[in-house]
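Accompanying notes for the structure given below.
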Amino acid sequence: MSLRPEANGTAAARRDFVLLGFSGWPRGLRAGLFALGLPLYAATLAGNLLIVGLAAAERALRTPMYFFLGALSAVEVAYTLVLTPRALVGFLLPPGGQPLPPAACAAQMGLFVALGGTECLLLAAMALDRYLAICRPLRYPQLVTPGLCWRLLAGCGAGGAGLALGLTAAIFRLPFCRGRRVNHVFCDLPALLALACGDKALQERALLAACLLLLVLPLALILLSYARVLATILRAAAGEGRRKALATVTSHLTVAVLHYGSATAMYARPLEGRSLEHDKLVSLVYIYLTPLLYPAIYTLRNHDMQSALRRALDRALRQRH
């Protein structure tokens, strides 16, 4: 093996993956999508950071529900930081794509799975919290303590990280003998599996198990919890409390349907016969649109959040004057 620097550099380049992104699309279309995606990304970051800041600063929001909502928004900020800048760069790539070292590709995949998995589990924890608050109101203060909230958050993070580590290690054990041109905007699992050869049965089973643990089981818990919650709310007398509880539940259900729906459309499908071009288009939805809808739903439909935002704006205006 040659020890010349240029030879070593060439060998390293051959081991790099190449993210194709949208480099094959017409330049004008890519420029238009970049111009659309950048403000959407800025609005998503601003909305989620606003929720994190309000949940941390406002005394009225220091309850378990807003603890989990702030944690969900913080995870969403990290999730978009991992995916969206790379996706935006994907609109500007030259025709050959962008080289990416294997370690960077594995790190991106691992972070994506870990944060997405944590988000799935957090949505289930939020459903459990709402079930206990509405269906077990007398025991709720004793059951849902700050310590339990932090333990649930740590468990969600550990669950997402553990699955990410296992999936990433399983996929990067495979030989990539079908080239290293990744037809996606980031190092996604199906796009990399399409480049691997050999026996991929273990990796496909691992992906199926991850879908079961992160999508099917949490969604079943969410639907069961909210079915009980809705039944309890509808039995209660009409009034402001009932309206507020219904608004909270419908907001949470809307976010859950958006999140699990887009994730199921992407990953709970057989690897054979998949269209990577179709997957790349679907990725625009869960990279740009659904993260933007989450803070909009939680702030526009939540009276407590609106009140906290007004108080924060009033304080800021008084400080300026």
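Each residue, glycine too, has its Cβ placed from N, Cα and C.
Features as listed in TrEMBL:
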{"type": "TRANSMEM", "residues": "31-54", "note": "transmembrane segment"}
{"type": "DOMAIN", "residues": "47-298", "note": "domain 'G-protein coupled receptors family 1 profile'"}
{"type": "TRANSMEM", "residues": "66-89", "note": "transmembrane segment"}
{"type": "TRANSMEM", "residues": "109-128", "note": "transmembrane segment"}
{"type": "TRANSMEM", "residues": "148-172", "note": "transmembrane segment"}
{"type": "TRANSMEM", "residues": "206-224", "note": "transmembrane segment"}
{"type": "TRANSMEM", "residues": "245-261", "note": "transmembrane segment"}
{"type": "TRANSMEM", "residues": "281-300", "note": "transmembrane segment"}
Range from 31-54, 66-89, 109-128, 148-172, 281-300 with most C-beta pairs under 8 A to the transmembrane segment (206-224): 109-128
Cβ pairs under 8 Å between the transmembrane segment (281-300) and the transmembrane segment (148-172), at least three: no
Segment-segment contact (the transmembrane segment (245-261); the transmembrane segment (109-128)) at 3 or more Cβ pairs under 8 Å: yes
